[in-house]
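Contents: one structure, followed by commentary.
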Amino acid sequence: MSAPQSEAFKKAVADSKKLTSKPSSDDLLALYDFHRRGHCQGARPGHAKAKKNAWQKVVDEGVTPEQAQEKYVALVETMKETYGYDENKVPEAVGN
């Protein structure tokens, strides 16, 4: 089941795809953690072990979906400063 998504969260998701350089693995994992928790209220995601464990840590810490969305937004804002941001960048296709 999906949690209701705030407009700020939706914008941050879109903005995260317009960073001009690739974030570090740790930053990407943190982004995933908060996105997954902010977006989903259901069972653990069926992805790689590191992602599962990181997601479970956020859940175990009692982070609500709403709090995860707020943390995601703040993290994207920090990443925009760290990695650069281009509002006009066309997001890259994934899986090609």
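Every residue, even glycine, has its Cβ placed from backbone N, Cα and C.
Among residues of the same chain six or more beyond the region 'Disordered' (1-23), those with a C-beta under 8 A of the stretch's C-beta atoms are 31, 35, 38-42, 65-66, 69-70, 72-73, 76-77, 79-80, 82-89, 91-92. Residues or ranges marked as region 'Disordered' in TrEMBL: 1-23.
TrEMBL lists 5-85 with the feature domain 'ACB'.
Under the heading compositional bias 'Basic and acidic residues', TrEMBL lists 8-18. In the compositional bias 'Basic and acidic residues' (8-18), the DSSP tally of helix, strand and coil residues is 9 helix, 0 strand, 2 coil.
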